[in-house]
């Protein structure tokens, strides 16, 4: 298929680890997009049992023009499989096929496939190149960009991983057509996130185009993906390893991770937990004086319009607090939150426990 | 204990990842050596059931002056445990103790403890600081320096890992007094290695001092550790991620890894396998015209004097070749070897299979 007019390019500027994000329709099949990749004898496509039947053969066909051998590995689908046992299937495949240290890995799927393939690429023979081909909205706007890779541990989400940048991110908007509605909503959660933490003009745009986004209007999705990637690129370019600024991208994630972990991974989608977590983080921000009640209501309404939950599950306040204490942002036992210090601006800080308890009791089912 | 006159310092120059190696007697107990480490609430000492009873309490006592909590984890001892299951014990301990992303890990032990603790540090919350406190000669002269961390996979040694530099390497020569003779010999193997690949003057020195080294003469060991670290520092400083030069440090390792893997990890010590592997690599070098028979005999004699095996186990030629094809240096199915292109100089290259077969049949038990 020829290039369409919608091809967009966003650069992640990280010195010798810089790479482009390409965004457009049916990019998957265009061999030209792969031209700049390092040469190698072989490639391994890592996907899952849901996505592989839809897109793996198309990707394989185009990669076979470039690599002598192209293997495919289908992982089981779901956050619950984002663990060592599943990760090891990637190492088994790489070693079983005799893949050398130049082998290129392609992550074809959502955030779970991307995070695990990225960590496998970071660790196999201490590092092989990899490419992100995200097929969910969430992965296209967030998880495939910026080099965070990880697996979960029973005691915490994304606790074992690496900062490891891909060579290329290919966001094929065509793949969003097959996304289940619940996954689309989960992706919109991370799109919405960029507004309150960084760009109120984008927030206004999302409000104006939420109906179009939910209806999968191509132009609306293209803009949402592009602007999200631009913001992520700006933030990651300034703080690759999350020494400071980058942490704002975790708005809603401290509460969200507690929900995911407390219910058991996979019960709520990551984006759903983050959507609800942003409501809680906004409530906390209001109590800390960063935003007013009208803004919290406006954000809550937008999250709801995206089809996302805005009330947390009844885990109990003590359990929430316990789960949040193992968050990676915690230091010396103190839970730290990303909160808004104004519309379009976020900071990380500790919050008085009494306020956190108030937020939990207000925002969660009894 | 006060500082002794033997304190030596070697710098690893890697920009913002630079760090010192300190070498001397009873360094372990001197709080001053830890002053430059990043501040943190807690530390975790990772050791094994052999080393911990000897040195862990001394290390813990000095670290308790610096960190509010100092936990100790004892892993089972041996190369056979250098796998994911054991690595996961480190993650379990970190999460179980609520360790945050500033926690400092201390690897107290030999190469297995150092490689696993380093990889755990690289991966826990995508990276926490760590310190190497090597207690074997092999770890002091080789594995603790340079940032290579890894675990084994059933299909290959060190296949899963990261390049991740410590903050500090503390080589306490006092710990070598408790080393079993077989472990001392294994360490001498990596000391000898630096001669043929890089520094013939050091090779001459080792020949002249082999009896002193085997007898654990303090001054001889101090010089051997220091000069080995200096050479490693020079090589790693030029090529941190093994794009080229650094590969020469793997002299003897392609054959050696095949021995270790073929017999089952732990049957031969790593240094023993490398000792025998160097004999094979020297024989291959001779067949490629790099060194003469007299030099091969001289190197073989020195390896023997260190108490190391110089004849390979009877795995069978086909099995050796199969095991070497999964070596990390292989590319496109071709086995590559570090060979000598003269005394004191090494290169990496592919070798005709017929020559490799000849070497295997000459150097291994029938």
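Cβ atoms are placed via backbone N, Cα and C, with glycine included.
Curation plays no part in TrEMBL annotations; they are all automatic predictions.
TrEMBL lists A:77-82, A:111-115, A:135-136, A:148, A:157, A:175-178 with the feature NAD(+) binding site. Counting Cβ atoms from all protein chains shown, residue A:114 (NAD(+) binding site) has 30 others lying within 10 Å of its own Cβ.
A helical conformation is recorded for residue A:253 (Zn(2+) binding site) in the three-state DSSP classification. Annotation source TrEMBL lists Zn(2+) binding site at A:190, A:253, A:270.
If you look up TrEMBL, you'll see A:74-185 marked as domain '3-dehydroquinate synthase N-terminal'.
Taken from TrEMBL, the feature domain '3-dehydroquinate synthase C-terminal' applies to A:187-330.
Other residues of the same chain near the Zn(2+) site, with their Cβ within 8 Å of the Cβ centroid of A:190, A:253, A:270, are A:138, A:142, A:143, A:189, A:193, A:252, A:256, A:271, A:273, A:274, A:277. Each residue of the domain '3-dehydroquinate synthase C-terminal' (A:187-330) gets a DSSP state, and the totals for helix, strand and coil are 105 helix, 1 strand, 38 coil. In this structure, the C-alpha atom of residue A:77 (NAD(+) binding site) lies 22 angstrom from that of residue A:253 (Zn(2+) binding site). DSSP places the residues of the domain '3-dehydroquinate synthase N-terminal' (A:74-185) in helix, strand and coil in these numbers: 47 helix, 33 strand, 32 coil. Cα separation, residue A:178 (NAD(+) binding site) to residue A:270 (Zn(2+) binding site), rounded: 19 Å.
Ranking the binding-site residues A:175, A:178 by how many other Cβ atoms lie within 10 angstroms of each Cβ puts A:178 at the bottom.
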